[in-house]
Amino acid sequence: MHYKKSIIGIAVTATAIIAGCQVTHQIVKSQGTAQGKHGEVQVETTFKDGHIVAIDVLKQKENKVLAGAVFKDVKQAIIDNNSIEVDGIAGATVTSKALKEAVGKSIEAAGVTLVATASAKKSEALTPAEYTYDVVIIGSGGAGFSAGLEAIAAGRSAVIIEKMPIIGGNSLISGAEMNVAGSWVQKNMGITDSKELFISDTLKGGDFKGDPEMVKTMVDNAVGAAEWLRDYVKVEFYPDQLFQFGGHSVKRALIPKGHTGAEVISKFSIKADEVGLPIHTNTKAEKLIQDQTGRIVGVEAAHNGKTITYHAKRGVVIATGGFSSNMEMRKKYNPELDERYGSTGHAGGTGDGIVMAEKIHAAAKNMGYIQSYPICSPTSGAIALIADSRFFGAVLINQKGERFVEELERRDVISHAILAQPGRYTYVLWNQDIENVAHTVEMHQGELKEFTKDGLMYKVDTLEEAAKVFNIPEDKLLSTIKDVNHYAATGKDEAFNHRSGLVDLSKGPYWILKATPSVHHTMGGLVVDTRTRVLDEQGKVIPGLFAAGEVTGLTHGTNRLGGNAYTDIIVYGRIAGQEAAK
């Protein structure tokens, strides 16, 4: 930890300090540093008469959306309570802890004794007991933002209510790659693709259990949705790079700047401010309001222990995501996915929208179809985005030093294959040549530090060293990689028929990561039509109620292909906003 101290105002002599003389109206500034999720967090704290009066963040590399909430709300709580013993932000615990530790170090550096105060309540404007909008959207992920912006564009008033203190949901913490057939990037790269092939891949990837019309609507509108993100929302995508996720026939997944959803959600937030789309955080939707005819006319929500009624003159859009973080719901619909499995999802993904809609007799379908993501942290369960090197040639190795599955297979296939290996884990191995193309280590330095600290990831110069750090039989690993290099040279993977072609791994340095599957996506959810209208248990439209994104249950079938979630949420989020605004 590094910190420094400066004193401004009345000079304090050594004698006065030793004697314990009290000096009033003294302003003290000091700095402190602590380790955040993606690098050091450095602050400068200003004290006066034993009180913290200001905290300035001098340096940080945290996720800009998560950091925004921490550096606003947690910082203010520290000032209000004159203490670092305050609650952090759910979903941003590491960043919250870093801020509090950095301020704590600055207190130590200043040598200031803070004045004890009664627990202060954060001053805030009185929250009205009710609001009225044309369209009320529940959830601030990609589907919710898309719906809200489209409602505003149609000339309607709209609001997004979000139960978490941070916007974005899983759309924020995902890689945010988006599959599109016929995108400008495919044209730049000379890749031939078609809507028909995209539809075929998606239906096959879900074992033909996905609804063909829902899939077709998603694919048909994908180009327009991506161009809307690029041109209207101002999301930056890499112009000359695409992912080919497992189950796809060609490279078709657009990659946002920074390789995470922070690029998308931050641009959504900026656009929402620009067009006057309010977002009410810490506001949990609890009940859908129906009139005498059965039409949905509003939402009852809770904020700081107070009930707030949101009247919706035209429609309510449910965009609350899935239930991967709700253990009881997971076990109810798929008992195998119990406490042994972590979750890649954010803490708020607990199925609230599904439960709320079922109470007014909305239909749900495919609830037992729950997907695991194959490459995640064995300690936290979080997805390992750094291992997206797999889409550029990284190989999967078991404890015996053998490959055991095609690296670009479907997520469910790879997950099951990993769980069948000794120890129920895999190693992901790649070299500098792959990193030069994938840039995953460069883009995910926070993960690199976290995985290295936990003993899950190493950078080594040779394959022999890679074998040694994880006690893999050296001779077997060398033999396996010799085969990989041969397959790369011939262009034919004789072992597992790698669909994109393997990459030569003869030159180091290498990165090797230990990983295991976690619950990732819930394919089941509310039954909707292609206009996103929610249907009841008799198959009839529930007037005034719409749903989009992971909360719905028809598009993906038994398994969602990588990169299809963002296509789904943006396409159907936009449709929901347009339909609700009519």
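Even glycines carry a Cβ here, placed using N, Cα and C.
Residues or ranges marked as active site, proton donor by Swiss-Prot: ARG411. Reduced to three states, the DSSP call for ARG411 (active site, proton donor) is helix. Using a 10 Å radius centred on the Cβ of ARG411 (active site, proton donor) and all shown protein chains, the other Cβ atoms total 23.
Annotation comment: Swiss-Prot describes ALA143, GLU162, ASN170, SER171, GLY175, ALA176, ALA285, ASP352, HIS521, GLU550, ALA565 as FAD binding site, evidence class similarity to another entry. Under the DSSP three-state reduction, ALA565 (FAD binding site) is assigned to helix. When Cβ atoms from all protein chains are considered, those within 10 Å of ALA565 (FAD binding site) total 29, not counting its own.
The N-palmitoyl cysteine annotation in Swiss-Prot covers CYS21.
Look at Swiss-Prot and you will find CYS21 tagged as S-diacylglycerol cysteine.
Taken from Swiss-Prot, the feature FMN phosphoryl threonine covers THR93, and the record attributes it to similarity to another entry. When secondary structure is read from DSSP and collapsed to three states, THR93 (FMN phosphoryl threonine) falls in the helix class.
For 1-20, the entry in Swiss-Prot reads signal peptide, with the evidence type sequence analysis.
Taking every pair among ALA143, GLU162, ASN170, SER171, GLY175, ALA176, ALA285, ASP352, HIS521, GLU550, ALA565, the residues recorded as binding FAD, the greatest CA to CA distance is 27 Å. In the three-state DSSP scheme, GLY175 (FAD binding site) is classed as coil. Shown are the binding-site residues ALA143, ALA285; of these, the residue with the fewest other Cβ atoms within 10 Å is ALA285.
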